[in-house]
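Worksheet for the structure shown next.
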Amino acid sequence: MSMGTALRMIFLVVFIGWLMVWVLLPTTIYTQVWTPKLNCKLNSTYFGEQGTNLLLFSFPMIFIAALGCVYLHVQQESKKINSKSVVKSHRLAFSKRPLLVMAPLGIVTATELAFAAMFIALLIWSLFNYIHYYTFDHPFVHKAGEKLWQTRLRSVSFILGYVGNICWAFLFFPVSRGSSILPLAGLTSESSIKYHIWLGHLSMILFVAHTIGFIIYWGTTHQMAEMLEWRKDWVPNVAGEIAFVFAMGMWVTSFPRVRRKMFESRRRARLVSARILPCDAVELNFSKSPGLIYNPTSILFLNVPSISKLQWHPFTITSNCNMEPDKLSIVIKREGSWSQKLYQELSSSMDYLNVSVEGPYGPTSSHFLRHESLVMVSGGSGITPFISIIREIIFRSQSEELDVPPVLLICAFKNLADLTMLNLLLLISDTHTQISKMQLQIEAYVTRENEQTFTDSEKHLQTIWFKSDPFDSPISAALGLNNWLWLGAIISSSFVMFLLILGIFTRYYIFPIEQETYEPYHFTLRALWDIFLVCTCIFIASSAIFLWCKKQNAKEYERILNLKAPTPPTSPWSQFYVADRELESLPHKSLVQATKVHFGAKPDLKEILPRCEGSDIGVLVCGPRTMRHEVAKICSSGLADNLHFESISFNW
């Protein structure tokens with residue numbers, strides 16, 4: 001058994017144990033049998049009543065997150081992909097095959113459906129046990145003058161709050177972009193974001209019902225003063241109401257129409273150049289640290305303060321870190337209002353653009369290489385993730401020791417000018433020998449034009465070179481080359497620091513107060529102290545490691561910042577220059593020979609995909625929802641068992 005397999009088994013055992021705690025939590029076995037024994041052994045003068053919760057609920061996930069960082073670092077360092085390391089396995093093919101393709105669920109695989117079913121079962125199980133517990137084992141007291149339905153309403157509202165806590169326990173796992181837990185299951189935050197959305201909606205529905213239920217109960221029993229109650233020994237009602245107001249604000253701002261205008265964070269990056277393509281698309285080229293490693297289909301969040309200080313937009317990275325160690329590129333299609341303003345700014349006279357970035361984020365491995373062959377289906381700007389994949393395959397095809405899969409690219413464009421997006425498959429450098437070493441076939445469809453409407457009046461490609469600014473920095477890993485190890489160090493050290501400080505604080509501050517007053521320490525003050533200590537420990541650990549990494553990487557940053565931008569082939573006073581010759585002079589013969597253009601029609605995927613030959617074909621699709629759903633239905637129909645579906649979509 002390899003080290004990686006052993007670590008995965010440890011992760012699985014710990015995670016299952018953590019889930020079992022949640023399964024047993026609403027039962028009488030936990031409350032009446034386990035809890036007294038655990039409190040007797042774990043609760044002490046150093047941690048008080050928090051000892052049990054720290055061991056059962058916090059420690060398992062901290063352990064998985066920290067050890068997962070070590071596992072991912074070892075995996076990253078030892079990754080030497082060759083013909084022997086690419087596993088051609090069909091055992092898990094069914095688990096990734098789409099089973100449901102419908103709105104609003106989207107595309108749901110067998111694995112996702114199984115996890116969703118188990119989670120729903122957990123909610124139903126918890127709801128049933130809580131109802132049983134608070135109805136028979138520990139029923140709510142029927143107060144004088146209180147009607148039976150009012151007592152039951154209070155009981156149900158209380159239970160809904162407990163069930164909502166279960167949703168919150170899992171809420172942030174799918175959305176953590178730098179998570180070390182998601183990669184262990186082969187997931188990314190981009191592919192899991194929909195589960196965060198579903199859990200968020202479900203939890204808010206439960207907490208809205210919980211809040212409204214108690215308000216109705218207080219109103220009908222003439223106890224509205226309870227809304228202002230602030231208990232010392234449990235969660236005060238006012239604190240719950242404040243949390244509910246903030247949660248509602250977060251819920252409202254999470255809807256797409258609002259979220260896309262309000263999303264914020266910030267890190268200024270050095271923008272080296274921009275290429276304006278004839279298809280109304282813009283390629284932005286950033287300076288990058290050579291030590292920054294990312295995989296194809298990774299994304300970068302972009303903010304341009306001159307357009308909006310709050311709006312951040314995710315874009316797929318089209319560059320390849322192996323072929324372009326000092327550069328990172330993204331492509332932006334002029335479609336929305338934000339991209340329209342960016343296009344206008346770049347088209348105007350300017351020699352500098354202030355840009356902030358966050359990322360990159362993406363998968364931890366080139367998982368698509370496990371297939372014997374690849375079929376990529378794109379619509380419009382959906383071709384951008386495939387640019388990075390093809391560049392990765394081009395890079396790997398240069399080694400005779402590596403087996404790379406043949407690629408069929410089926411791309412649909414509205415207009416003839418959009419075909420210039422295919423130029424991005426190649427670098428400006430000499431790549432004609434590179435692409436000739438891979439088996440690439442391109443079937444391009446121009447849906448809104450026919451061959452007779454072709455004219456030679458296309459726009460010229462323009463390249464803009466930007467001046468450098470001392471406040472800008474190359475895009476780099478915040479924690480340096482060994483980012484996974486440093487992240488694990490932050491997680492483990494901050495947790496250990498929290499335990500030490502919490503133990504000292506509880507033993508020598510809270511415990512003497514409880515001994516003197518013969519009363520439990522104020523619940524709210526204890527919660528505030530916990531929050532303060534957690535934030536302080538994370539801040540100290542992350543700041544120390546970040547400053548250390550920044551100091552270690554200072555020389556590399558200085559070298560990159562001193563790099564001068566290439567000199568334009570025209571007058572140095574002209575910031576624009578026509579660069580259509582730049583592409584025309586490139587040896588595109590291999591690319592042209594691999595491309596077949598179809599005019600005035602959409603690709604008939606129901607006919608094309610089943611005819612693909614091969615025992616293991618990875619089908620990747622990125623484009624409009626209708627296209628993704630159509631491809632998913634074809635792959636899940638059973639007409640072709642050799643088609644293995646993988647959807648690439650971003651719903652931030």
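Just so you know, glycine gets a Cβ as well, placed from its N, Cα and C.
Keep in mind that what you see is a predicted model, and the values were worked out from it rather than measured.
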Practice task
Examine the ranges 238-258, 385-405, 616-636 and name the one recorded by TrEMBL as transmembrane segment.
Solution key: 238-258
Exercise for the section: Please work out whether the transmembrane segment (99-128) lies in contact with the transmembrane segment (156-176), by counting C-beta pairs under 8 angstroms that are 6 or more apart in sequence and asking whether there are at least 3. Expected result: yes
Problem - Cβ-Cβ under 8 Å with the transmembrane segment (55-74): same-chain residues at least 6 beyond its ends - result: 3-4, 7-8, 10-11, 14-15, 17-18, 21, 38, 42, 169, 179-181, 183-184, 364, 482, 484-485, 487-488, 491-492, 495
Problem - Secondary structure tally of the domain 'FAD-binding FR-type' (264-367) (DSSP, helix then strand then coil) - result: 12 helix, 41 strand, 51 coil
Handout entry: Whole-number mean of pLDDT values that fall within the domain 'FAD-binding FR-type' (264-367)
Key = 83
